[in-house]
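Student: Structure incoming, see below.
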Amino acid sequence: MSDIEDNDGDEYDELSELRQRHKPESQPSVDEAFDLDDLLPTIGEFGKYQKLLVFGICLPACIPCGFCAFNQLFMADTPDDYWCRIPELLDLPLEQRKSLSIPKELDNDELVYSKCYTYGVNWTQLLESGEEDDLTTMEPNASWPLIKCPQGWEYNTSVVWSSIVIDFDLVCDQDIYPTIGLAALNTGGPVGVYLFGLLNDRGGRRLSYFVCLATLLAGSLMTSLSKDFWTWAGSRVIVGLTIPAVYQIPFIISLELVGENYRSFVTVMTCTFYTSGIMLLSGVTYLERDWVRLSYITSLPFYAYFLYMFVMPESPRWLLMRGRLEEALKILERMAKVNGREFPEAVHLKLEAQIRRDKLKKQKKKMANVGLADLCRTPNMRLKTILITLSWFANETVYLGLSYYGPALGTNQYVSFFLSAVVELPSYLCCWYFMDTWGRRWPLSLSMILGGVACVITVMLPDDAVDETLVLYLVSKALLSASFLIIYPFAGELYPTQVRGIGIGASSYIGGLGLIGIPFITYLGKDNLKLPLVIMGFLSMLGGMTGLRLPETLHHRLPQTIEEGEEFGKNWQFKDCCRCAQKPEILSQPASYENLDVLAGSSTNASEVELELRDSRRVREPAPRIDERTPLDTTASGSGRPVHRPSMKRLVRQMSVMDTQRTHDGTMQLTHWI
């Protein structure tokens, strides 16, 4: 029965091909695959237009994005010393006031003034019954009862001048409230990613970005005007809705308009500028320690980004997806003009064919009805989905937890926070190199395991080893930053094209749940400074070990269907996790869509350009069995000739609207999956 179906399919394909041959030349076939990546080598992959876009819009927009994510650490800073406020004794000198009204308690084998208790006596009556000279020599009576601070606290403001902790008295029984506020910020993230993702797809990149800016500024303004904790926490949820959308949207626009050979550069530069913004935040918070003014200052740059309304282009890919051909052509023609290139006239017909084909694809996708359940339907896909999600959860949770915990270490919180950002920069560059030489699995697992070990061994240091603890923390932060950059492309390569968006979305959402819980882990450091590091260290090592079981993707053809995804890595053996990826010998360049040198030639004939843009006719070949050891380029059995995969063009483009940079053998290189 299956043979009959195969024969019918072959006859149908031959008939379809025959019809396509006899179509008029002026009517492009719906089957003709066209992508902007075909056109960019002709009109400029990274010309003047893209440079203005990246360096004038994308990268400047990334700098203050860390402000709204981490300024809360300093807005909710707790002074080192505080004690019960006794209004009746405010006229007395500080030391006399504390010695009379505050009991002492044992802390680390040292007697210190209590932070949460005072003597429960009638101070007004006591003052009226005594003489002024008696007050200077009066000592607390051991029989006086102890009560919790009934009228608030006084604070030592020598380091922390102003914070919500001081204004709202969030200490003692309410000292967990700043942690709740941090969890509220992270709660908004997954919701915002979903909402702005919908707006991004339906309303366009420009509209989504400016709505995101307006939402962030509204939340920041509410933050500054808050008069109680719960209003402040609610405003942080609104700010959290825009994290990380406010960072991702201009990044997406840039990636969609630059050529494939420059997307890795844009990705690394984006991460670098984002980290530079975090470094800048440490200086801003050092100079401005009033939390209300800090909220205003850190939101101020986002007002300037509304000027982008006059210069930020809409994504041509999104316009084509929505069938808005003329608007897309106008942007592409302007890009070619600014780059000093000629725009091929034949592209207009190709774009019309692309729009018709995309509509057919959407109809077929609706009929296919692939969902989240397909990730767990077969055993190998189910195992890989679980492992990817666990590794993602551990990676994202520990990375953010370490970022939050930096100010708590060392002798100066501003210096510690600055150093925690500085160590990310070299880790990105090292990660970029090792990903494309050692593969994805080993750099990911090794960085997470070693980073976890660096956290755990802090428990072996004495309590007074402040500098040594900080050094181990910085080593761990650098390693986790590298792994944080790897997990996105690795997951994107492991999930089959058919369910890639669903898989990445599911893993990132589950990983986002860890961001809500990690503030409560760092809260444990109030009683034991090293306990959060130990917990995050074990979680990081667990995530790194789960990554070893995943199949390597470097130099392997990526799975497209769920069936191929089930086969990929199915024959995994223990020895596979003990070796790095080996680069296969490339006998010749494959016939893939990356070989677009002809488009960059000097041909000016429109018909020639149209032929150059047209796909080569695909030849039906039996689908090979795909497993972890299947290289991208194979040779014909016994012939020694390379068997090219003419379908590579369609294979790669189905992966994402942000196609990943590849080497000449088609291997995916570093990118940031959204």
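Every residue gets a Cβ built from N, Cα and C, even glycine.
Take a look at what Swiss-Prot says about it:
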type	residues	note
TOPO_DOM	1-53	topological domain 'Cytoplasmic'
TRANSMEM	54-74	transmembrane segment
CARBOHYD	Asn122	N-linked glycosylation site
CARBOHYD	Asn141	N-linked glycosylation site
CARBOHYD	Asn156	N-linked glycosylation site
TRANSMEM	179-199	transmembrane segment
TOPO_DOM	200-206	topological domain 'Cytoplasmic'
TRANSMEM	207-227	transmembrane segment
TRANSMEM	237-257	transmembrane segment
TOPO_DOM	258-264	topological domain 'Cytoplasmic'
TRANSMEM	265-285	transmembrane segment
TRANSMEM	294-314	transmembrane segment
TOPO_DOM	315-385	topological domain 'Cytoplasmic'
TRANSMEM	386-406	transmembrane segment
TRANSMEM	415-435	transmembrane segment
TOPO_DOM	436-441	topological domain 'Cytoplasmic'
TRANSMEM	442-462	transmembrane segment
TRANSMEM	470-490	transmembrane segment
TOPO_DOM	491-500	topological domain 'Cytoplasmic'
TRANSMEM	501-521	transmembrane segment
TRANSMEM	528-548	transmembrane segment
TOPO_DOM	549-674	topological domain 'Cytoplasmic'
REGION	614-647	region 'Disordered'
COMPBIAS	614-631	compositional bias 'Basic and acidic residues'
Student: Please identify the stretch among 54-74, 207-227, 265-285, 415-435, 528-548 with the greatest number of Cβ pairs below 8 Å relative to the transmembrane segment (179-199).
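Tutor: It is 207-227, which has the most Cβ pairs under 8 Å.
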Student: Under 8 Å between C-beta atoms and at least six apart in sequence, can you list the same-chain neighbours of Asn122 (N-linked glycosylation site), or say none if there are none?
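Tutor: None - Asn122 (N-linked glycosylation site) has no non-local Cβ neighbours under 8 Å at 6 or more residues apart.
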Student: When you check the transmembrane segment (237-257) against the transmembrane segment (54-74), do you get at least 3 Cβ pairs under 8 Å, counting only pairs 6 or more apart in sequence?
Tutor: yes
Student: Residues with Cβ closer than 8 Å to the Cβ of Asn156 (N-linked glycosylation site), same chain and 6+ apart in sequence?
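Tutor: Asn156 (N-linked glycosylation site) has long-range Cβ partners Pro79, Asp80, Asp81, Tyr82.
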Student: In the topological domain 'Cytoplasmic' (436-441), how many residues does DSSP call helix, how many strand, and how many coil?
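Tutor: Final tally across the stretch: 1 helix, 0 strand, 5 coil.
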Student: Determine how many residues of the topological domain 'Cytoplasmic' (258-264) DSSP places in helix, in strand and in coil.
Tutor: 5 helix, 0 strand, 2 coil
Student: Per the definition of 3+ C-beta pairs under 8 A with sequence separation of 6 or more, do the transmembrane segment (54-74) and the transmembrane segment (265-285) touch?
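Tutor: Contact between the transmembrane segment (265-285) and the transmembrane segment (54-74): present, because at least 3 Cβ pairs are under 8 Å.
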Student: Please tell me whether the transmembrane segment (265-285) and the transmembrane segment (528-548) touch - that is, whether there are at least 3 C-beta pairs under 8 Å between them, with each pair 6 or more apart in sequence.
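Tutor: The answer is no, given that the two segments have fewer than 3 Cβ pairs within the 8 Å cut-off.
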Student: Out of 207-227, 386-406, 528-548, which stretch touches the transmembrane segment (501-521) the most, going by CB pairs under 8 Å?
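Tutor: By Cβ pairs under 8 Å, 386-406 leads among 207-227, 386-406, 528-548.
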Student: Residue counts in helix (H, G, I), strand (E, B) and coil for the topological domain 'Cytoplasmic' (200-206), per DSSP?
Tutor: 5 helix, 0 strand, 2 coil
Student: Around Asn141 (N-linked glycosylation site), how many other C-beta atoms are within 10 angstroms of its C-beta?
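Tutor: Neighbour count, Cβ to Cβ under the 10 Å cut-off: 8.
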Student: Over the topological domain 'Cytoplasmic' (315-385), what is the model's average pLDDT?
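Tutor: Overall, the topological domain 'Cytoplasmic' (315-385) comes to a mean pLDDT of 77.
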